[in-house]
Amino acid sequence: MADRNLRDLLAPWVAGLPARELREMTLDSRVAAAGDLFVAVVGHQADGRRYIPQAIAQGVAAIIVEAKDEATDGEIREMHGVPVVYLSQLNERLSALAGRFYHEPSENMRLVAVTGTNGKTTTTQLLAQWSQLLGETSAVMGTVGNGLLGKVIPTENTTGSAVDVQHVLASLVAQGATFGAMEVSSHGLVQHRVAALKFAASVFTNLSRDHLDYHGDMAHYEAAKWMLYSTHHHGQAIVNADDEVGRRWLASLPDAVAVSMEGHINPNCHGRWLKAEAVEYHDRGATIRFASSWGEGEIESRLMGAFNVSNLLLALATLLALGYPLTDLLKTAARLQPVCGRMEVFTAPGKPTVVVDYAHTPDALEKALQAARLHCAGKLWCVFGCGGDRDKGKRPLMGAIAEEFADIVVVTDDNPRTEEPRAIINDILAGMLDAGQVRVMEGRAEAVTNAIMQAKDNDVVLIAGKGHEDYQIVGTQRLDYSDRVTAARLLGVIA
């Protein structure tokens, strides 16, 4: 990384600073070291200003802190020989600051944003896989982790802090990444974590109930997602026209690519479009015949379910909009791999088919069950729970959906966190018409084991809620546990 100094970094906002060299940029006083730039933001959980003395004691070269008001914006002070710069609206400016610090990494790769309630992980993975098959060196950032394909490192949040995002992108560019697919959460948009990124394209998958414990209601949740197109450098816009919100947004995005598998496209009204003409589901996945403003074709997909057809079409439309040839995309489509913990199928002779999925919202659970039904000759089982310390309103909704779409429902723990597990289960049962027919088993490993052992060989067992996760949060403890590993062990296969 080239040399960085305080004067050049803050030149757009503040004059008269020393050209003091900066080693690294951090929001965390615990890792701040000699020569670093410490940014003391007022966060949602902590106030970085409280840790300025600690950062100074650890030898930081400079500090940027939230200004109290416009009058103090750009003010420069000194504490124990360390320059302290005051900036107003620091959280809003942080992405731009970090972008300058890390030499604008989003301008040095082809970066695609994917937002929506469901489908972000699968769509980003498909984009990264497909682009790499076409010669790019591709990376992903999101729920599963960050990194080059095959070298992904797990992360805590879908979208990291504004500094983390720019830092990771810079690291990926340094490793040779030429293409990146990034999940962008509603939290990340509202908290300005991707505000200064230059996206080559931005994809909207769908919108359904989630995160209302944070946003309050669906209107605010939608407004958060819309920020990607209204206030960010979004590049090409690719929008799911099968989603009600997506159809509304298309009216405000005349240059967007409309994507549909349900016929919600009028080629005379949309300049660029892609739609499924016919989809055949089978035990290996699906055969998809499509038409588009770029041409038509047929794809053999190894992914399960209608919503994954939608995810694949969104990825295809994005790559077409970015200029990748349709002929090359069709040649490589059959080599796309299913995504870890996203409708991931485990099979063994004489055993039920087990599907592990991350579905943890009402809409995602319904779609996962509908997808599993397409591949089920016997009974459809559903093993699921709901996370503690999160939106309680979705629990009875998910209970009702499981009861409607599955033949046998097993309600268990998800990540109970600091809530009483039985209280969460009772919230789920409250949404069911006949809760007496539901099997309740609080230990998740026991519930999964019981379901797989009791299911017949022509049954399908959907284990929903945790997907790729290899832990369970009980109280404040993070315990080792994986639905994937549990299912694979019981079937005698490798996860």
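Note that Cβ sites are derived from N, Cα and C of the backbone, with glycine treated the same way.
Pulled from Swiss-Prot, these are the features on record:
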- Gly116, Thr117, Asn118, Gly119, Lys120, Thr121, Thr122: ATP binding site (BINDING)
- Arg390, Asp414, Asn415, Pro416, Arg417, Gly465, Glu469: meso-2,6-diaminopimelate binding site (BINDING)
- Lys225: N6-carboxylysine (MOD_RES)
- 414-417: motif 'Meso-diaminopimelate recognition motif' (MOTIF)
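Between the CA atoms of Gly465 (meso-2,6-diaminopimelate binding site) and Gly119 (ATP binding site) there is a gap of 14 Å, rounded to the nearest whole number. When the recorded positions Lys120, Lys225, Arg390, Arg417 are compared by the number of other CB atoms within 10 angstroms of each CB, Arg417 has the fewest. Largest Cα-Cα distance over the residues recorded as binding meso-2,6-diaminopimelate, namely Arg390, Asp414, Asn415, Pro416, Arg417, Gly465, Glu469, equals 17 Å. In three-state terms derived from DSSP, Pro416 (meso-2,6-diaminopimelate binding site) belongs to neither a helical nor a strand segment and is classed as coil. In terms of C-alpha distance, the listed binding-site residues Asn415, Pro416, Glu469 place Glu469 closest to Lys120 (ATP binding site).
Same-chain residues that are not part of Gly116, Thr117, Asn118, Gly119, Lys120, Thr121, Thr122 yet have a Cβ within 8 Å of the Cβ center of the ATP site turn out to be Val114, Thr123, Glu183, Thr205, Asn206, Asn311, Ala364. Surrounding the centroid of the Cβ atoms of Arg390, Asp414, Asn415, Pro416, Arg417, Gly465, Glu469, where the record places meso-2,6-diaminopimelate, the chain contributes additional residues within 8 Å, namely His360, Gly385, Cys386, Gly387, Gly388, Asp413, Lys466, Gln472, Ile473. The residue listed as 'N6-carboxylysine' falls within a helix when secondary structure is assigned with DSSP.
Thr121 (ATP binding site) sits 23 Å from Pro416 (meso-2,6-diaminopimelate binding site), taking the C-alpha atoms as the reference points.
Other Cβ atoms within 10 Å of the Cβ of Gly465 (meso-2,6-diaminopimelate binding site) number 27 in total over all chains.
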